[in-house]
Amino acid sequence: MTFKSGFVTIIGRPNVGKSTLMNEVVGQKIAIMSDKPQTTRNKIQSVYTENDFQIVFIDTPGIHKPKHKLGDYMLKAAKDTLGEVDAILFVVDDSTIIGPGDAFIMEELKEIDTPVILVMNKIDKMNQEQFNKLYEAYKAKGNFADIVGISALERANLDVLINKIVEFLPVGPQYFPADMITDQPERLIVAEIIREKILHYIHEEVPHGVAVETAMMKKREGKDIIDIHATIYCEKKSHKGIIIGKQGRKLKGVGKSAREDIEKLLGSKVYLELWVKIKEDWRNNQNTLKTLGYE
Ligand code: GDP
Ligand code: K
Ligand code: MG
């Protein structure tokens, strides 16, 4: 039996479903998801292994025009990977036309030799006519190695997509153990889950100025409990108030919902303590970005 393996990067506008796709393929929450753009800030690798192949997925921050240093970093993280992988999954959603965002990405892709599979996501929200129209529009405008319609959320056609990806993989070694699904340290996933809940519970501009750091994570002596302390950094005093909420209600909601997800991730009871601190302008501070893992 010949074993195939390779690297695949997932690109696309914010909110088209890249993180959802990666999580559903590997069957666990590795990248956080939300209905807000700029949810994913790092390159995240996850691994999907079968008997005769292994795919390493790289989820990237959405490609968009940067507004601050963190934005610069995010765009670079997305573009750097394109030339180095075996295939690119370019994910689009149920928009009725090819918008300027997708056109921008298709321009960027023209300079790269890597085969591009167009993934038309969210087919659960499209009727056949809408799908066909969009399909023809993309086919006419782009140079794709293949086009697949899927619903990441409903896990529709994911097997078809996987088979297509395997076609583009070279014969190669099993890079990672079969049971490994991500290169992300648990501390980082924990922090990201907390950030996901902040994105979910807190509206407007506040979450975009938030960073989360897992300060401590330790199994309690003789007990089946993991104690976790995490710090939520925000940019302003007013933001701190919003995050904590009246009588601490917001923060409690964030903590409860994060704890439930973290317990699933770690397979253990969790005691989660959250602190909110102000760190002005951290998004433009190189050192802080480094400390928080954005490097
Ligand atoms: P990303 O920014 O590209 O990583 O997008 P996310 O994975 O964070 O998803 C953005 C939003 O789209 C979330 O609210 C998802 O639940 C939703 N979403 C993702 N895939 C699908 C899909 O196949 N169908 C529908 N209806 N919604 C989806
Ligand atoms: K998102
Ligand atoms: Mg994402």
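Keep in mind that glycine also has a Cβ here, set from the backbone N, Cα and C atoms.
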Among 12-19, 284-291, find the range that TrEMBL records as region 'G1'.
-> 12-19
Using TrEMBL as the reference, determine which range in 59-62, 219-222, 247-250 is annotated region 'G3'.
-> 59-62
Can you dig out which of the ranges 121-124, 181-184, 185-188, 205-208 TrEMBL describes as region 'G4'?
-> 121-124
Beyond the flanks of the region 'G4' (121-124) by 6 or more, those residues with Cβ under 8 Å of it = 16-17, 21, 91-94, 131, 149-154, 156-157
Which binding-site residues, if any, among GLY12, ASN15, LYS18, ILE123 have a Cβ under 6 Å from ligand 2, given in order along the chain?
-> ASN15
Structural state of ASN15 (GTP binding site), classified by DSSP into three states = coil
In sequence order, which same-chain residues at least six apart have a C-beta under 8 angstroms from ILE123 (GTP binding site)?
-> ASP94, PHE131, GLY149, ILE150, SER151, ALA156, ASN157
